[in-house]
Amino acid sequence: MLHMTQAKKPLMLIILDGWGYREAREGNAILAARTPNLDHLIEEYPWCFLEASGEAVGLPEGQMGNSEVGHLNIGAGRIVYQDLTRINFSIRKGDFFKNPAFLGAISNAKANDSSLHLMGLVSYGGVHSYMAHIHALIKLAQQEGVKKVYIHAFLDGRDVPPKAALKDIEELDAFCKENGNAKIATISGRYYAMDRDKRWDRTKLAYDALTMGVAPYKTPDAETAVSEAYKRGETDEFVKPTVITDSEGKPEAVIKDNDSIIFFNFRPDRARQLTWAFVNKDFENFPREKHPKVYYVCMAQYDETLDLPIAFPPEELENVLGEVLSKQGLAQLRIAETEKYAHVTFFLNGGQEKCYEGEDRCLIPSPKIATYDLKPEMSAYEVTEEVIGRIRSGKYDVIVLNFANMDMVGHTGIFEAAVKAVEAVDSCVGKIATVLKEVGGVAIITADHGNAEQMENPTTEEPHTAHTSNPVKCIYFGNDEVKGLKNGKLCDLAPTLLELLKIRKPEEMTGESLIIK
């Protein structure tokens, strides 16, 4: 006799990256877009607001949320105190200045009479790095008597306004002059130095500037480098690598054998490629004309496979959502396009690379284009087609999906493109909801942080390319088992999903279910 396996009715967590809530209509791509599907879901089903920024997600008060932080909190089911908060606290306590990873880099530079290079995103954004950390490193180098200290400044323009760098670089230059002898040696937009999508031609441009002093442009000082980039029509993110020269027209500094590097970005995803280029012996992604042997320190753990000193190693999170589902023997799927794949896997699993038993992963490639305003739908339709097939397969108990569009297109600052991105996601959510209803599944639809709801700076009327600190909506879609949801935080999502699955939440999860009893 043939026994048929009963098809599962999946519980979905659909994360609409960058889908924030803001009442004002000006510069609000979410309100400007036609969103019949999301509008219908909000009218017909229970929903609430979730805090997705500041202390609610383990960041300093008022600090905007981001995708890494959002997914960590969602998966952990508790407030996860972020690296930004941990590092700020260590500076206040004084532990920062005794950190063995930093002191190792400094000892190496002093022992070899070599240079200490401080490399990373010069920004107040607080997403990848923070200006106070750079200041603390400069003070530490001065305190320890390092003679040759050079800064390789990557410019932001995404998590802060597109032309914030000139003021920030002027301020950093002044700080260097007042606190020792550090000098800015190179400038590069994050588009080049911090690529994460294996566009190695971009990484190579930054690497060559750092190791050979070879770059598209050279200027006598950092402020001129930024000013001239603005004249060329480049905003901070896209400033081409520029080498700062000394009085003889030679590069102020290049990274050489026996030098020390401290990469002060604390977020891993955009620090990996450049790190690999420096430290991987078998690196084949582009030819390295110079490969200096350096003492390399990472601010946080960029890659589990690299044996490098880490200033702030990860704190282990136990009993995160994926682990709890796995222990219950449930089949789970994580699906996203390239831009957010790490978020639904690595970050949702508490910052761990490992895949849990019963966890499948599906990566849909993001389109290979210069900027996503050129294709606001990105790969959302392909993600949708794939996930619909997976829903109909009846294989999965839980599916976690991320749509990247509202965030990635929001970062371009181009309003019309962001509107199209919102509409593409709305269309995809509608298709998924239809299929879920057919198979008897349910969904929680929410976001990890805001972005597309504010595409314009209301004061300056310039494009707003950063995340926001606005709340996000959370919708329950499915049967009438849930009568209402109460307002909460991102860390309340995992306990809510576990309640829907009738699984007791582990004691490590301090978040509360959003379901109104």
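Using N, Cα and C of the backbone, Cβ positions are placed for all residues, glycine too.
The Mn(2+) 2 binding site annotation in Swiss-Prot covers D17, S67, D448, H449 and is backed by sequence analysis. The feature active site, phosphoserine intermediate is assigned by Swiss-Prot to S67, with sequence analysis given as support. Annotation source Swiss-Prot lists substrate binding site at H128, R158, D159, R190, R196, R267, P268, D269, R270, K340, citing sequence analysis. Here Swiss-Prot flags D407, H411, H467 as Mn(2+) 1 binding site, drawing on sequence analysis.
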Query raised in the report: If you take the centroid of the Cβ atoms of D17, S67, D448, H449, the listed Mn(2+) 2 site, which other residues of that chain have their Cβ within 8 Å of it?
Result: I15, G18, A52, G65, N66, G70, H71, K340, H343, N402, D407, A447, N451, H467
Requested in this report: List only the single closest residue to D448 (Mn(2+) 2 binding site), chosen from the binding-site residues D159, R196, P268, D407, H411 by CA-CA distance.
Outcome: D407
Requested in this report: Check the Cα-Cα distances from P268 (substrate binding site) to the binding-site residues D17, S67, H411 and tell me which is shortest.
Outcome: S67
Query raised in the report: Counting other Cβ atoms within 10 Å of each Cβ, which of the binding-site residues H128, R196, H449, H467 scores lowest?
Result: R196
Query - Entries of S67, H128, D159, R196, R270, H449 which, being binding-site residues, have CA atoms within 10 angstroms of H411 (Mn(2+) 1 binding site) - result: D159
Query - Rounded Cα-Cα span from D159 (substrate binding site) to H467 (Mn(2+) 1 binding site), Å - result: 6
Query raised in the report: Relative to the Cβ of R270 (substrate binding site), which residues of the same chain, six or more apart in sequence, are found under 8 Å away?
Result: H128, R190, M194, D195, R196
Query raised in the report: Considering the binding-site residues S67, D159, P268, H411, D448, which residue's Cβ sits among the greatest number of other Cβ atoms within 10 Å?
Result: D448
Query raised in the report: Residues with Cβ closer than 8 Å to the Cβ of D17 (Mn(2+) 2 binding site), same chain and 6+ apart in sequence?
Result: S67, K340, H343, N402, F403, A404, N405, M406, D407, M408, A447, D448, H449, N451
Query raised in the report: Hey, what's the widest CA-to-CA gap across H128, R158, D159, R190, R196, R267, P268, D269, R270, K340, the substrate contacts in the record, in Å?
Result: 18
Report summary line: The number of other Cβ atoms within 10 Å of the Cβ of D407 (Mn(2+) 1 binding site), counted over all protein chains shown, is 31
Report summary line: What DSSP gives for S67 (Mn(2+) 2 binding site), in three states, is helix
